[in-house]
């Protein structure tokens, strides 16, 4: 399976059946299935131009998108463009919207005009002029019988158009910045608008005036009315009046009643928001899924979150774009989750079954490395903010339980104890290695974060420490550095680390160290493109693996210590057999540096994460391939036995069909020879060949080309070819797959056989002549 980018900003829309999310990703529109978190469809055109806008019809059948001043209509399930036409706009289309009947489409252009299209009859019905600047919002009134269209442009007004007269009925003016969203009450008489001027305005559409302006104290990007006749008491709604929900720059949802001031929801539902205007957690879209009583929000970091509407509790969260993946590890019981460090200060925990993600806040700068304790519910992280954090997963929920800050520079690597969760080791750009003891009881305080106890600090290397690893018995520690060396330390004694030896041999910085799970050897990978195995006894190099054309960034042991997996900055992952020094498999699934590489505890899966923002989960299929090969061999043996029985019973048609299905030209030739050895062989062969299916005749023609290359078998090939050429029309014969190639290959060998037979015939005629002309000189006649 794969976790890949599917949303990089722009419009997001949910299908009417609420099963799919449509979102733009550069020149593509991806269709995300909500239940599985997988991309099930992708619409992309050949010209590779970015899509400026798109709209999905209300019946989920038609999708319109705009690029290069063209409107394209797509059948998104088949990923086929059904038709395209010029948008008539003189500038790109900025906004699009379908009416509730999926008949009319409104397009708002950067040229200040609005055009209405009849998608069914395929013509432009209205050309509405008067807006100033980019028309960034167009929306039909949900009651199509009113024939009303609302739009907004750079003048911050809301224009209400009467489509029966093509005139602007009125301009609703209340906002002082761009209007971002409109929502209509169930009866269609009340509308609410939101803007980046931090107010929401309630409009009476019958009187065409503003009822009131409600301050919400943040730039609002989306607003929706709550459905009627539902219980929202969990979020403070205690009366049946109109309520609405807003999403804005502070990154939290707000609910309000028309007659009361806006009230913020409890912070337990949402992460703490920043007071800065450029808060990356700010919400950019708000969508209502009425049939399933859910809300969907989109953040500035391209995360899509689904909430249960009644209590506004988080149901699912999808990450649209991961940026560079710096590390990835399996997590949880049965390795059901993965934790990912991307080029940000947040950690992301993905559930592999649904791709739903939990975002962890704790570090204040880019997280660089991760490691997991043996049980899989505890893991540690380190970051550029010079801190080390320990996290605990409990029933799918992850929280930070301990933290340590003592390094004087960015912490670039971390390793957890293997026997039990007792300590972590960290390596830093300050050239030191530190060992931290975990608190005795991590569950003592539910909310507070405990402090890690620093056991020891050692000036380990002359340059940055790139990697640290704890041995399987927790008694040794290995470190690797940019100074081209790896070192082995003793953890057995109290106090300082004891240096046991130095591994020298790499020509460039060493990126990773890893202990073997079964042998007393250490693996290192380096920027010189090699991976080396070292003895822990005498620190000598045992083996060197060369194959990557660039730096080898990670190395791990798999297959119970008999094989190595390495990943490089060339985007390749290679599988090596240690005993033979041989690269047995190269996996090419990434386009950039593969920083993350980890195997699960059952040793049958691994996960890779790359700077191309893709995360790939791989499965070991060795046993499956061996079983398939064994099953195939057994099937071949059974078919061979069946073939022998058919030949014995002289059931030549079934025998020939079975031999062709085995795709063995020699076996088919054996059947042909058996047929030719019978009485009336020519008639029997003709009947048998002509009863074959077309695909079997195609295979027979192909085999004839093979047999004809050998003088011993050319007569059998020519006999079969005679039957085909005599009884199969040339038009039908040329329809066979590769017929021209096979026939062209037959010609030169056939000519050679004809010349050989001609020479043989001449020689036999000369022999016959000599026989006729010879006079036998016998013994002198004897006279009695």
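Keep in mind that glycine also has a Cβ here, set from the backbone N, Cα and C atoms.
Note that the coordinates shown come from a computational prediction; the quantities given were computed from them, not determined experimentally.
For 86-119, 128-165, 172-213, 360-396, 404-438, 458-491, 503-544, 545-586, 587-619, the entry in TrEMBL reads repeat 'WD'. Residues or ranges marked as domain 'U3 small nucleolar RNA-associated protein 13 C-terminal' in TrEMBL: 640-774.
Packing against the repeat 'WD' (458-491) from elsewhere in the chain are residues 412-419, 422, 425-429, 431-435, 497-504, 506-515, 517, 522, 524, 526, 534, 536, 539: each is 6 or more residues past its ends and has a CB under 8 Å from a CB in it. Sorting the repeat 'WD' (172-213) by DSSP state (H, G, I as helix; E, B as strand; all else coil) yields 0 helix, 24 strand, 18 coil. Long-range contacts of the repeat 'WD' (172-213) within the same chain, counting only residues at least 6 positions beyond its ends with a Cβ under 8 Å from a Cβ of the stretch, are 136-137, 139, 141-143, 146, 148, 150, 152, 154, 156-160, 219-225, 227-228, 242, 244, 246, 248, 256, 258, 286. Across the repeat 'WD' (172-213), the prediction's mean pLDDT works out to 91.
Long-range contacts of the repeat 'WD' (587-619) within the same chain: residues 1-5, 321-330, 335, 338, 340-342, 350, 352, 376, 553-560, 565-569, 571-575, each at least 6 residues beyond the stretch ends and with a Cβ under 8 Å from a Cβ of the stretch.
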